[in-house]
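Read through the structure below, which is laid out as structure tokens, and then see the notes.
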Amino acid sequence: MLLLILLFFKGLVCHEKSIVGPQPLGWHHPAEAEEPLIFRLLHIASFKNHSWSHSQASAWIGDLQTHGWNSTMGTIQFLKPWSQGDFSKEELKNFEALFRLYFHDFPREVHAFAHQFQFEYPFELQISGGCKNVGKTSENFLNGAYQGSDLLSFQRSSWEPSPGAGSRAQKVCEVLSYYKDITEIVQSLLSSVCPRFLSGLIAAGKSELERQVKPEVWLSRGPSPGRGRLQLVCHVSGFHPKPVWVMWMKGQQEQKGTKTGDIPNADETWYLQATLDVAEREATGLSCRVKHSSLGGHDIIIHWGGYSILLILMYVAVIVTLVTLIVMGSWHRKQSSNRNVLSSYISNPTFPLENDTQCPRSSALQLHSAQESWIKNRILKWKRSLNQFW
């Protein structure tokens, strides 16, 4: 079976070369990219016992997933309109057949060599391979892991055991090195096919890959880490691409206790928060600084003021509401007074009675007093509600 796979691999690579022919690689990089984009294939295989296994596979360019694998149908899932790059339908069909054979027979070969490789059930294997284009050259990689620990890597046309991986890694590398065709095929896929496919992906998905979205930044308090201490949280949300630099600062000095963690948003932007635990008396003068490619070199700096953004927004809402009520009350009093005065003149335009001229003023005063009392009651109620946040 292994020989059959090798022959298929070799035929596929040779066929791919005959279709494409020798041609210079076209290198396309986003103008704003800080680092070269990496194309990466990930394969995770779980082995519960001698007869059960499960595989998951995906492909990524940078932090954006571009492909998946439907294990039921044995087909490639193209997750973006440009996921085919500049490969022809025939090339993609051939590679789909290649992966179908690989995912079908890889578990069999692992089961067959499990005892020799000292794999103990249940176990998991992780394989990561890909490339990146740097200027007019390319760099490639392939790494294997056993139970989450580094096992081996493919470097300069040879299989190398990872430092500290022991005799298990040595045995796996010996078997892989014995089959020279495996080394030749892997080398061709990594050094020739992968860079060309990556170049086509970058060109086809240029608008999405170069998308720049500025982050929104705000500060808040986190759960208290202890008496007399504060947890300061800097929220950075909605930015793209993913690379971002966030740090709590005091003046120009970085606060080394800063802890960060990021998660993706549904719109393929990112959210990150940076936390810092400090003594309450040391919070004065702290600020959160954010650097991102979308900002054009103009960093965002938010100074810690001791109040959460929620409380600030509540105060703003209260002030706006109060101003609105006062303006509306004043306008209503004026309109009511004008209507009453006009009514008195219409009823007796020549000789207005004394009590008629005084009545509108009396009504206006009563209305003003009632509205003023209502506004005062509302203000007292809001004040009691706000006191709960202190």
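In case you wondered, yes, glycine gets a Cβ from its N, Cα and C as well.
Disulfide annotation in Swiss-Prot: C234 is bonded to C288, selected among C194, C288. Of the candidates N49, N355, Swiss-Prot marks one as N-linked glycosylation site, and that one is N49. According to Swiss-Prot, C194 forms a disulfide bond with C131, chosen from C131, C173. On the 0 to 100 pLDDT scale, the domain 'Ig-like' (215-306) averages 92 in this prediction. It is 46 Å from the Cα atom of N49 (N-linked glycosylation site) to that of C234 (disulfide bond). The two recorded residues, C194 (disulfide bond) and N70 (N-linked glycosylation site), have Cα atoms 21 Å apart. Note: the Cα of N70 (N-linked glycosylation site) and the Cα of C288 (disulfide bond) are spaced 44 Å from each other. Shown in sequence order, I38, F39, S138, E139, N140, F141, L190, S191, C194, P195, L198 are the residues of the chain, 6+ apart in sequence, with a C-beta less than 8 angstroms from the C-beta of C131 (disulfide bond).
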